[in-house]
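Q: The following block contains the structure, expressed as structure tokens.
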């Protein structure tokens, strides 16, 4: 009941990045206590670089979630793209650029298909992208006979693995970090643009948006394409970081959705910032690193992760006045 | 207005059964043409066994989805339940009943936790059950490094392997649970309220339905079904298996079976009859692919297409109906 | 509030592990070493037997390890003698990783070499699901197979199904993982997990600097073959008083592996040895050291070519115990022998070679894909190398 | 007749007060209902009737004041609580589940149970009995509500409230969507219920039926009780004076002079779709054309057809003498047509976005230009000031604004596009008096600036005060037209068909 809302002015704008900044701050303090040298430029840079893929996936997932949908296919899309890239490049440096272009285009195409099925066939995106997940995994296994073939070239891997050396103060700055910073700026600008505002409005109230002339289906489809593109870039970085394997993207869709929700973005759409989503991903990565530093046993880690997610989301749900 | 003719609400057989028959018919034809047989007793028994495990989980999943919720923790509940049952029984027939009851009680407790998180703290069901699933995963990973306990031999015999003709006891159990769920939805207050909560929570509230309680109860039932699936798997496998739920991908597969069966993901519409059809369809695909010895990966692709296609067909129907 | 909770949870979790304080020898003294309790899968007798076999010589044709047997105990199979051609059925646990893919292709090639004797080869993939494999076996029993080969997904849970198969009178051959029953005609596998784990750990413990820190990287908890490998490695490390600073699960994900190694390097400054329960992410672990600008410590991998190449190129201090994929040939050979009424050994223990600095070059094949397993024994099979590419 | 506070009264409200977001919607309202009495509550839209009914039925809790039901001071915790105490309500917006059957909807929350199971046969029997007792036509108990028409759904809604064995029944505009013969049946039903000793609170705009049915009448205006009078002792004229009670001529901006009217902006010939038939319409620049008619008569369908939400499937639409095809809202907007929906929360605002984002939504949706974006924002801030939006800043989320201010933001959204035809559907529903005046000013200013305005309203004084002429709809057709200065009776007569004219 909208009319019964309390009138008090909210101290923090709901969906803003402040809560996630607070959590991130606490984790940083814990890191500073436990592992002070982690905050030295060199290791911080490498941490940020290796976190780039999940940050990108969170940003991509943000576009979809804020418009009121889900994208469960990104993890398998990353896997598929890495495997495809490896097989097509097959260690030949000359093929690097065309294959990278192909990776981006095909990832965008998968996003487009997700968007079209969701918008025009009216299939709930949870189902569309769940089906797409199965199709992608099945197809890529089928195509590669169940075992990735070929090899990524060093040129391809450089983006996820190498760094700009000898930067004053910072030391080495990973290419992945530069790419993620650039894309973060672009994403922020995009969300401040007309399209970004329309995207959030679609997630908030698609009916109202449609009656204001918004092409809801098209807008959401673009969100899926953006998510696909993000997955494509993430595949390039992740493939670069760790090489080809079928595990490259497994489970990343849930990590990305978790990160987005941690970042204060409402499932169902209409609220939250892309900065919050990306910070959510960074927080999640920092949590994993922290667990490494604290030597949390590998087997209880999921429990710690689950508890923290539930607590963080429960607290923000309790703070949010809308029911 | 008077010219308006009323379509009596015949709850027609869900379209999934048509798809099932078609799949089996085409599958049969292809298998026979390639020189095999599809409907041998052994194959049918296998098909029904596979359907029983997934079916039990999916029936529970149907209930929460009808209520507008979702349960992603079922896979871990299944695993946990096998372990609780098998460890409590520890190979003894005397501990059969306590073992089963304990497994079900633990499962119900998890369902209660899910339900309370969703209904009381207002966490989105997706995140709540994902989080609870992670908690369970942590417990399973740190507590077990492989199969543990031993299911009571009587239960293994009765539920794991006994069959009447080509129909295993486990499938009869599924049939009974599905019938129970069907009756619950159609003939109990709780069922009517659940459909209302999923259809329109505000209307339900204004009509005096206690939405929170209904939702919590649905989650408890869902976890109970998963727990029962665990008991069946413990009987089938002879011991508790900490990874059996995740290996079977029971979380996503159960959701897939539910939506293939025509239940709306948004809640308020659908039923268990369709879900059982969905489960049989998935198991039937398994059987056909097995007989043709086709790659499991190709089957994965087919499943993806079937899921999207089925829901697209249902969506089209709803739109068509809305326009008429 | 959430942050507060995070602090509490983290610190609780941190306290609850028996994580050693940074220093030469940490760990609670009560357990005798830093690696904690032994898994309940640890069977002392099996362990001793496997270690003994590591030094044993195999009987059988030279150069064909897949036909060799360690400590053979022959069983009579005359009752299974049958005129060919045969229908051989295979219930496969899964095909979901490169090891099983290479193995299965090897098996198919082996079948091809027996075209005259095998009329039909039926393969059913259980997709890593116990439940489906039980159903699959049941299904195959209705298909008039002359022999049934089973590669079980889980030892304990597949036992009843295998017993049921034995009761039908069809000769059952189990390989890779075993079952808790003696009813199959033969159980084929290489020496086993204890041997694998032992070889790697011995190497790492010997080559690393004394008192150094070892990081153990494991794939998943709760998989029996992998648990036995770790059990053996534990014994070696505990005996050698090696400081095992961490036991981490990588899910076979190279990215996760690199992050873990990176953080451990951060935390301890240096890591002096890496032990792995499977080679899938060995390359990623090595890369993590390279990317951090640290020397790569003694490490064990497996016989996957990407690791072998890296070993050669980077002149690593490494060893590759193997779990040879040539064991996929043996069940077919065994099945045909059984159907001919020839004696076979039960158990059929295959040799389990180790790749070392000395014989590394024999296994390096520049034409094969990076995830190919060198110990496939497949070079002489029809369709090589195309089939495995 | 009972007096307030009498021991014999069934329901007794004393000094009930309720505010939303600082706006006082009800101000110390007293009201009482005796058993076997029909007590009508009348007042303009926004007078506080619906809020009052929701307080009685447990939907809201009062800020101050007491609710005494059957001699006991009650504080209902929810609709269930009130329902159990014996208060039933028929909602203005239909609270039914389209995917469930008639019987299931009627018995939701109190299904008959036999041996632990819902007794479907009993449910069907009760449903038939209910409809029989209502004297209504046969509505099959097993039909899905989603397959019913609006009138049948209304009957189901009434049956649902009756099924509870209520001692007090609240009817919030129960006949608004009903055809005459159906309304007659309802009246008979009300009398029957009264004879059974049930107390009825009857909210209605139809004064004729109020006089025909009620024992007493309470008039609400701007959240206050103006008077409560026995029906026999008052007249329509007195009642209207109580309801309106202010000088209309100062309240509405001046009408257009015939000379101000410009060329024809929009014409429709033979327009029709599933809900509309034979629509002929001609809108001129500078005029405000009111649309009257009962709920469900096709008023909203007309606006939605013109805006392309549910487009005309037949007929010709011309804008400034050029034929256009309005297949979607976007197409309509491109042609220069704007639409303010009656359902502000569901179709107007995006609740969790800022005031500015809401105001810019339409402009952003249409404009692809990257240039001039800053100018657009500056202009919009000016517009928001001009329509006098009161907010804590343009960055405030719109859901924290009052209904009136939300509506002003929606108006600013469309003003910025400079529409040539603008369609208003209940533009002042649920907003306070001050905001109403502002909305009226905007509507008239738009016309003066050369737009053609179509304005739908259920509020007859508003319709009469604002329109240069009024077209009245009935059963999907344009039933007729009345000129400016006509009386409410003229409109009502057309809307209901001549037979039911007051």
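Glycine is no exception: its Cβ is also placed from the backbone N, Cα and C atoms.
Bear in mind that TrEMBL entries carry predicted annotations, made automatically and left uncurated.
These figures come from a predicted structure and were not determined experimentally.
Pulled these features from TrEMBL for this protein:
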TRANSMEM  B:12-33  transmembrane segment
TRANSMEM  B:39-60  transmembrane segment
TRANSMEM  B:72-89  transmembrane segment
TRANSMEM  B:95-118  transmembrane segment
TRANSMEM  B:125-144  transmembrane segment
TRANSMEM  B:164-185  transmembrane segment
TRANSMEM  B:214-235  transmembrane segment
TRANSMEM  B:271-289  transmembrane segment
TRANSMEM  B:301-319  transmembrane segment
Q: Short question: which residues 6 or more past the ends of the transmembrane segment (B:164-185) have a Cβ under 8 Å from it?
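A: Hits for the transmembrane segment (B:164-185): 41, 44-45, 48-49, 51-53, 55-56, 59-60, 62-63, 66, 158, 191-192, 194-195, 221, 225, 228, 232, 235-236, 271-273, 275-276.
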Q: Hey, would you say the transmembrane segment (B:12-33) packs against the transmembrane segment (B:301-319), going by three or more CB pairs under 8 A that are 6+ residues apart?
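A: Counting Cβ pairs under 8 Å, at least 3, so yes.
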Q: Restricting to CB pairs under 8 Å, which listed stretch, B:125-144, B:214-235, B:271-289, B:301-319, is in contact most with the transmembrane segment (B:39-60)?
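A: Checked against B:125-144, B:214-235, B:271-289, B:301-319; highest Cβ contact count belongs to B:271-289.
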Q: Is it true that the transmembrane segment (B:271-289) and the transmembrane segment (B:301-319) have 3 or more CB pairs under 8 Å, sequence gap of 6 or more?
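A: Contact criterion met.
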Q: Counting CB pairs under 8 Å, which listed stretch among B:72-89, B:95-118, B:125-144, B:301-319 touches the transmembrane segment (B:214-235) the most?
A: B:95-118
Q: Could you give the residue numbers and ranges of same-chain residues that sit at least 6 residues beyond the transmembrane segment (B:125-144) on either side and whose C-beta is under 8 angstroms from one of its C-beta atoms?
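A: Residues 64, 69-73, 75-77, 79-80, 83, 110, 113-114, 117-118, 240, 242-243, 246, 251.
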Q: So what's near the transmembrane segment (B:72-89) in sequence-distant terms, Cβ-Cβ under 8 Å and 6+ beyond its ends?
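A: Same-chain contacts beyond the ends: 57, 60-61, 95-96, 98-100, 102-104, 106-107, 110-111, 114, 126, 129-130, 132-133, 136-137, 139-140, 144, 148-152, 155, 222-223, 226-231, 233-234, 237-246, 248-251, 254.
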